[in-house]
Amino acid sequence: MSRPLSDQEKRKQISVRGLAGVENVTELKKNFNRHLHFTLVKDRNVATPRDYYFALAHTVRDHLVGRWIRTQQHYYEKDPKRIYYLSLEFYMGRTLQNTMVNLALENACDEATYQLGLDMEELEEIEEDAGLGNGGLGRLAACFLDSMATLGLAAYGYGIRYEFGIFNQKISGGWQMEEADVWLRYGNPWEKARPEFTLPVHFYGHVEHTSQGAKWVDTQVVLAMPYDTPVPGYRNNVVNTMRLWSAKAPNDFNLKDFNVGGYIQAVLDRNLAENIPRVLYPNDNFFEGKELRLKQEYFVVAATLQDIIRRFKSSKFGCRDPVRTNFDAFPDKVAIQLNDTHPSLAIPELMRILVDLERMDWDKAWDVTVRTCAYTNHTVLPEALERWPVHLLETLLPRHLQIIYEINQRFLNRVAATFPGDVDRLRRMSLVEEGAVKRINMAHLCIAGSHAVNGVARIHSEILKKTIFKDFYELEPHKFQNKTNGITPRRWLVLCNPGLAEVIAERIGEDFISDLDQLRKLLSFVDDEAFIRDVAKVKQENKLKFAAYLEREYKVHINPNSLFDIQVKRIHEYKRQLLNCLHVITLYNRIKREPNKFFVPRTVMIGGKAAPGHHMAKMIIRLITAIGDVVNHDPTVGDRLRVIFLENYRVSLSEKVIPAADLSEQISTAGTEASGTGNMKFMLNGALTIGTMDGANVEMAEEAGEENFFIFGMRVEDVDKLDQRGYNAQEYYDRIPELRQVIEQLSSGFFSPKQPDLFKDIVNMLMHHDRFKVFADYEDYIKCQEKVSALYKNPREWTRMVIRNIATSGKFSSDRTIAQYAREIWGVEPSRQRLPAPDEAI
C-alpha cells in the first residue's frame, strides 16, 4: 500500500500544467502509443514525423467517434427537421487543431506530445489542407458546417470528394505555375468510407413515355460511394456529418464488350466513370460549360437526393409502416440549401423522383419541391452565372431537360397571368435563353424552384432585387431575403490567434467564443492602457512570428516593425489587385523622389491564385512579382517598402498571415463583391480596413463607425452614374501626374527591362476596357492610404481604433448567419443545449 501524500505533495498537483487533466494526458499518451503501433504498425525506430501526426490524429479522432455516434442516435430518436447543405465546394483546410479546440483537448494534447518529446505545432504543420474549394464560397460552406454543429442543428454537408483539390501554386520566374494537389497521397485520417451506402447515378440514355408515365432508360450507371467526415460543434458534444461522394464504375461496366474480346478495354474504360470526382474545377467567379463539370453537378445532386429520401423514409415517424411512403411531410422534415447554382439540378431531380418514381401528380410534387429548396446567390458578375447549353443537357440528362421545359412553361404561364401583354418580360424571365446556342439559365431555375432566395450581404441582396433578379422580385417579393455572411470564431480567432483570444478572455471571460456579440463589452476597454498595451503586444508577436515563417520557408526578410499591408484573395480584375499595385509604385516613386524624407515603412503582401486559364489574372501576378524585384533590390528604398507575393495562399497560410496584418485591403469596385469574408477575418484579428463601400464592408463600417474605417472610392450609385456618362480612363491619365508616371513606367518596361512590352496587355486593359474602373478610384485611394500612414505613426490611437473594430465584429460570426437561416428559411430553432458526453448517461 502506497503511503498517503503529504499536504505539500498534494498541493504540487495544483498547477497550471495540471489543468490539462493528468488522467487525460496519461490516456492520450497511451492511445497515441497504441495507434502508432497497432493502427500505423510502426515503432519509434522507423516512425517518421508524419507517422506521429497520424497517431495524434487517430488519438484525437477517438474522442470524436463516440460523440458522433451519440449525435446520430439522438437525431434518430428525436427526428428533427434535417438541414442539407449542398455545395460543390467545402474548403475545410486542416482538421486536427480545429477538432482539439472544439473538443477542449488542445492543452492535454500539447502536454502529452511534449511528454513524448514531440512538438505539437510541428505535427500540425504536416497535415495537408483539404483544399476542396476555390475561395470564399467553399470556405463559407466550411464555416457554416462548424456553426450548424455549434447551434445543435441536425445538418449535413453534401459535396464531392475530389481526388485533386485546388492546385498548388508555385511561382517560377515570376509566373504562376500549377501543380496537382495530391492531398490524399498519404491517406486521410478524418474520413470514414461508407461503401455500404453506395448508390447508382444515371447518365445519358433516353426517355420512354408509357401509360405509367415517363421512364428514363438505357442509361450509363456510375456508383456514388460516400466518405463521411465528422464535424464537431464547439464544446457541446454535437458531431455532425459532412458526406462527400466518390465515384466507382459498376462491376459490369462495359462488359458486354467482353464477348467480342474487349475485356481488357472494358476494365480500362472504368476510369471514364471514375473521372467524375477526379479534380475540382479551379474557376472562381467564371462559368466554364464543360460536360465533366455538369456531370459533377448532377452526380452530387443525384446521390444526395437518394440519400435524403432514404433517410426520410426510414426515420421514426409514429406509424407502423416499415417505411414512410407519404411525402406530405417532406418539407417539414427536410430543408435543402443550394450553395449557388452549382447544385441547381436538385430541383428537376427532386421533381423526377416525385413524379416518375413516387407517382405524385405534378402540382403536388412542385409544391413539395419549392417548400423544400432554398437558393443562395453569390455573385452578380455576368460571366459567373451558369447557363448550360441545351444540347449538353439533352445528351447527358434528357429527362431533366424535359422537366425543366415543363417547369418553364408553367412558370411563364404564371408570369403572363400576372403581367398580361408584357412579352419582353417573358423573354427576360424564361429559364430557356434563345440565341446562337440555346441555354438554360440555372439562376432562373433556382428562383422558380425555391421558397427563399438570398444574397450574402445587405447591399448585394438589394442589388439582386434592383438589377439582375428585378423581374423575379416583382413577381414574388416574399421570396427574397438577405443573409449577411459570417465566419466561425473558433477557427478565425481561437485557433489562429490564441494570444488575442486569451487577452480578450482575461477581460470578458470565454463566452464570446460561442456568442461573439459579447465582444461589445470590449468597448469599455478602449481607454484602458493595460488592454491597449496587451493588444499591441499580441499583434507585434504575431508579426514577428509571421516574419520568422517567411524567412524560414521562403528565405524572405521583412521588417517586422513596418506596417503589414495585406491583400489576400483570389486574383481577379474585380478585386483590383491592380489598384494596390498602382499605389505601391506611387509610393516607390515618392521615396525615389525624396529619399531623405521620412516614410512610414510598409511591407505590402499580396497573395492568391489565378484561374489557370485566366490570362489577365496571371499577368497581374507577374506584375506583382516584377514590382517586388525592382523595389526590394533598390538600396535607396531599403526597409521602407517591401513587396512580397505570398505563394500558394490557402486556408492554413491565411491562419498565419491574418493575425499578423495591420491593414486589410478590401478594394473591389463598389457593386462587384457580393460579401467577402476575408474582410471579417481581418477585422476580428485586429487589422484596420481600407475598403470601398462594397459587400460586407458596408455593414462592417456601420458596426464599427465610419470614423474607424478607411473608406474611399465610388459608391454603387457613383459607379452607375459613371457607366451612364461613359468611363474614360484617358481623363484620369491626363489629369493626374502621378498616375501618368506609373502607367508610363509599366509601358516603357521599367519593371521588365528584359521584355519592355511585358505588361502591354495590362496597360491596354486599364486604358481602354477596364470594366472595374481602377483609375476612377486611384486618387481617393492614394489619399486614403496617406491617412493610414499618418495614423500608424500614432501607435496608441491606431490600437484604440483596432479595439473598436474587434469589439464591433460580433455581427460577423457565422453563428449569427446560421441562426438567421435556421429561423427565417429552414424553419428550425437553433439550440445551445449540450448533448451528454459519451461517458455520461442520456
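Please read every residue number as a count from 1 along the shown chain.
Just so you know, glycine gets a Cβ as well, placed from its N, Cα and C.
Some features that Swiss-Prot has for this protein:
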type    : residues                                                                                     : note
MOD_RES : SER2                                                                                         : N-acetylserine
MOD_RES : SER15                                                                                        : phosphoserine
BINDING : ASP43, TYR76, ARG310, ARG311, PHE312, LYS313, SER314, SER315, LYS316, PHE317, GLY318, CYS319 : AMP binding site
SITE    : CYS109                                                                                       : site 'Involved in the association of subunits'
SITE    : CYS143                                                                                       : site 'Involved in the association of subunits'
SITE    : TYR156                                                                                       : site 'May be involved in allosteric control'
MOD_RES : TYR204                                                                                       : phosphotyrosine
MOD_RES : TYR227                                                                                       : phosphotyrosine
MOD_RES : SER430                                                                                       : phosphoserine
MOD_RES : TYR473                                                                                       : phosphotyrosine
MOD_RES : SER514                                                                                       : phosphoserine
MOD_RES : LYS681                                                                                       : N6-(pyridoxal phosphate)lysine
MOD_RES : SER747                                                                                       : phosphoserine
MOD_RES : SER748                                                                                       : phosphoserine
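Projection of Swiss-Prot feature records onto the structure.
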residue: TYR156; record: site 'May be involved in allosteric control'; DSSP (3 states): strand
residue: TYR204; record: phosphotyrosine; DSSP (3 states): coil
residue: ARG310; record: AMP binding site; DSSP (3 states): helix
residue: LYS316; record: AMP binding site; DSSP (3 states): coil
residue: SER430; record: phosphoserine; DSSP (3 states): coil
residue: TYR473; record: phosphotyrosine; DSSP (3 states): helix
residue: SER514; record: phosphoserine; DSSP (3 states): helix
residue: LYS681; record: N6-(pyridoxal phosphate)lysine; DSSP (3 states): helix
residue: SER747; record: phosphoserine; DSSP (3 states): helix
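TYR204 (phosphotyrosine) sits 24 Å from ARG310 (AMP binding site), taking the Cα positions as reference. There are 17 other CB atoms within 10 A of the CB of TYR227 (phosphotyrosine), with all protein chains counted. Cα separation, TYR227 (phosphotyrosine) to ASP43 (AMP binding site), rounded: 29 Å. In sequence order, ARG82, ILE83, TYR84, TYR85, ASN240, THR241, MET242, ARG243 are the residues near TYR156 (site 'May be involved in allosteric control'), counting only same-chain partners six or more apart with C-beta under 8 A.
Taking each of the recorded positions ARG310, LYS316, LYS681 in turn and counting other Cβ atoms within 10 Å of its Cβ gives the largest count for LYS681.
Taking every protein chain shown into account, TYR204, TYR473 are the modified residues, and of these the Cβ with the most other Cβ atoms within 10 Å belongs to TYR473. A straight line from the CA of ASP43 (AMP binding site) to the CA of SER748 (phosphoserine) spans 62 Å. When the recorded positions SER314, SER430 are compared by the number of other CB atoms within 10 angstroms of each CB, SER314 has the fewest. When the C-alpha distances from SER747 (phosphoserine) to the recorded positions CYS109, ARG310, SER314, TYR473, LYS681 are tabulated, the minimum falls on LYS681. DSSP classifies ASP43 (AMP binding site) as coil under the three-state reduction. Looking only at Cα atoms, LYS316 (AMP binding site) sits nearest to SER514 among the recorded positions CYS109, SER430, TYR473, SER514, LYS681. Cα separation, LYS681 (N6-(pyridoxal phosphate)lysine) to TYR473 (phosphotyrosine), rounded: 32 Å. Taking CYS109, TYR473, SER514, SER748 as the recorded positions under consideration, the smallest Cα distance to SER314 (AMP binding site) is found for SER514.
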